[in-house]
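K.L.:
Below is the structure I would like to discuss, written out as structure tokens.
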Amino acid sequence: MKILVCISNVPDTTTKITFSDNDTQFNQNGVQFILNPYDEIALARAIELTDNGAGTVTVIHVGDASAEPTIRKALAIGAHDAVRVNAVPTDAFFVATQIAAYAKDQNFDLILAGRESIDYNGAKVPAMLAEILDIPSVSIIKKLNIEGNMGVVEREIEGGKEVLAIPFPFVAGTAEGVAEWKIPNMRGIMSARTKPLQVLEPIEVQTSSKIVKFETPAPRGQVTLIDAAEPQKLVDLLHAEAKVI
Amino acid sequence: MSVLVYVENAEGKFKKSIFEAVSYAKAIADQLNTSLTAVSIGNVAQDELQKLGNYGAAKILNVNQDALKSFINQAYASVIAEAAEKIAASVVVLSNSFSGKGLAPRIAVKLNAGLVDGAISLPELNDGKFIVKKTAFSNKAFAYVELHADKKVISLTPNSYKIVEAGGQAAIEDFAATVKPTDLTALIKDIVRATDKVSLPDAELVVSAGRGLKGPENWGMVEELANLLGAATACSKPVSDADWRPHSEHVGQTGIAISPNLYIAIGISGAIQHLAGVSSSKVIVVINKDPEAPFFKVADYGIVGDAFEIVPKLIEELKSFKANN
Ligand SMILES: Cc1cc2nc3c(=O)[nH]c(=O)nc-3n(C[C@H](O)[C@H](O)[C@H](O)COP(=O)(O)OP(=O)(O)OC[C@H]3O[C@@H](n4cnc5c(N)ncnc54)[C@H](O)[C@@H]3O)c2cc1C
Ligand SMILES: Nc1ncnc2c1ncn2[C@@H]1O[C@H](COP(=O)(O)O)[C@@H](O)[C@H]1O
């Protein structure tokens, strides 16, 4: 089993988000970047599925050299090798095209990604990648197992779940539940330094979208506190003032 | 030039989020001085389809083929792209539901279109530009995305655009789509859906509880409050991790993101990862015994006190409110 895991490098969850250049750029100053948490569980599941020599796991990232600590972390967690496409992504289509260009003749059985990246929350790259490669895609995967030449996945749907069997190769976007996060051990960290990291130059892509401005939400007003002895007041306010009930 | 909206059905019925998508698509069609066509896939009765006319669909392409009975995103994306080409759509609108998230990127690639996922308001059209607002950084910011391809695909966040009843009639037309066997290799083995409950991503009202509730045996009052309000139930991550509640109820950074009109948080501290999934709720009520709980900082209404005393009282008050209204 040959698995490719797509990894993105995102601001840590607790980051205070600010913008520069007249609110047109995300201000990266002092921001701690991490491996996208969903990609981390995709990677953990890929490693479980290829345990004990049952296969290999390659990670791919589209981004500049500043993401190398994140790529090394993926290697420390247990990926066998890594690929970085050396370009600052312009949009999801750009990323998907670069990954497709690399993956198309590598015969991966399975391509895993996170359900979404926690920066732009697009949930776009995996399905775009699958479309470019003309293979199935499935997302918000909470379980993933191999049965013969099929992957059996559990997908989240509104108010429930759906179980699908999909022939390899396909792309899956993973969510919580698919595996436990793996903390790299000392051996992993040491060996990550010497594992292969291939840097590729991007292919040319016509992009179709661009973020032109950012805005931070208006702060909520001061909280209205209601005495615990008078929940009636809450009901009144929700009805008469907030008009939600 | 025209606008196409994909109308997803749930067992033959359209949900509110679909009427929102149709209303939204109709407004875009008006902006562009063109008409709106809807495409429906699956077995939907004529009177249900006809409802779409009321929200502004002038024409409905009705795809009801055996091969397309169940949702396979690869095949559905092909059908929607084919419909878009048939009517020369310049804009395709979908609801950003779980299925919509799997479809929109595929359709955008097929049509060579620019994509905005999870739009929250109408496009701004100035000097030939087409700019759409969406949330970013897990609800901590908004991004304005300019689409510069000729064709655009937009998925609309549920509960972010108000339904508009236009009062029109739609012409329903059968559409025989091309089905490629290579699009249908995935097999659905099982679907489990709790049909008696309000589904969380679509819910207008949500009652949510956290570790402050101590154990699963205490969720009776949460369910009762939710039932009284016609609300969906949700929970914090540690609660679903401990199997007190199903994972499908977990909201936040690693769970689902929701934007209901009302979010009631009971015994939840308001950690940043939790807020990531709920802070775009229109009204937030927090019930927590700790006055320093961070959740109060982003709440509209708060009650400081013990949930085990407050929630039962609130239930009684709501019962009498319901009786009088
Ligand atoms: C990478 C990552 C991702 C995460 N993703 C998510 C996510 O998606 N969603 C999420 O929810 N969390 C997430 N978390 C966890 C998050 O950081 C918090 O730990 C979690 O939200 C806390 O849950 P809680 O508020 O239910 O519990 P606690 O933090 O334990 O808070 C319980 C609250 O209940 C109150 N309380 C106790 N007893 C009572 C009572 N009798 N009456 C009233 N109030 C009472 C307490 O004052 C306290 O504020 C994530 C964490 C990480 C590191
Ligand atoms: N720059 C990138 N390089 C590699 N993979 C990426 C990149 N951006 C996104 N991905 C993958 O696509 C998933 C969804 O990302 P997004 O479409 O940005 O929400 C992520 O969880 C990653 O697995």
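Glycine is treated like the rest: Cβ placed from N, Cα and C.
Fair warning: this is a prediction, and the values are worked out from it, not measured in the lab.
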K.L.:
Using only what TrEMBL says about FAD binding by B:ARG211, B:GLY267, B:ILE268, B:SER269, B:GLY270, B:ALA271, B:ILE272, B:GLN273, B:HIS274, identify which of B:ASN227, B:ASN288 is listed for that site too.
P.N.:
B:ASN288
K.L.:
Have a look at the binding-site residues (B:ARG211, B:HIS274) and report the one with the fewest Cβ neighbours inside 10 Å.
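P.N.:
B:ARG211, out of the binding-site residues B:ARG211, B:HIS274, has the fewest neighbouring Cβ atoms within 10 Å.
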K.L.:
Given binding-site residues B:ARG211, B:ILE268, B:GLY270, B:ILE272, B:HIS274, which are under 8 Å from chain A when comparing Cβ atoms?
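P.N.:
Listed binding-site residues passing the 8 Å Cβ cut to A: B:ILE272.
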K.L.:
If the criterion is a C-beta within less than 6 angstroms of any ligand 1 atom, which of the binding-site residues B:ARG211, B:GLY270, B:ILE272 pass it? List them in sequence order.
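P.N.:
Close enough to ligand 1 are B:ARG211.
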K.L.:
Can you tell me the mean pLDDT for the domain 'Electron transfer flavoprotein alpha/beta-subunit N-terminal' (B:3-191)?
P.N.:
96
K.L.:
Output the one of B:ILE268, B:ILE272 that, of all these binding-site residues, has the highest number of other Cβ atoms within 10 Å of its Cβ.
P.N.:
B:ILE268
K.L.:
Measure from the Cβ of B:GLY270 (FAD binding site) and count the other Cβ atoms within 10 Å, all protein chains considered.
P.N.:
21
K.L.:
Please state how far apart, in Å and to a whole number, the two most distant Cα atoms are among B:ARG211, B:GLY267, B:ILE268, B:SER269, B:GLY270, B:ALA271, B:ILE272, B:GLN273, B:HIS274, B:ASN288, the recorded FAD-binding residues.
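P.N.:
It comes out at 18 Å between the most distant Cα atoms.
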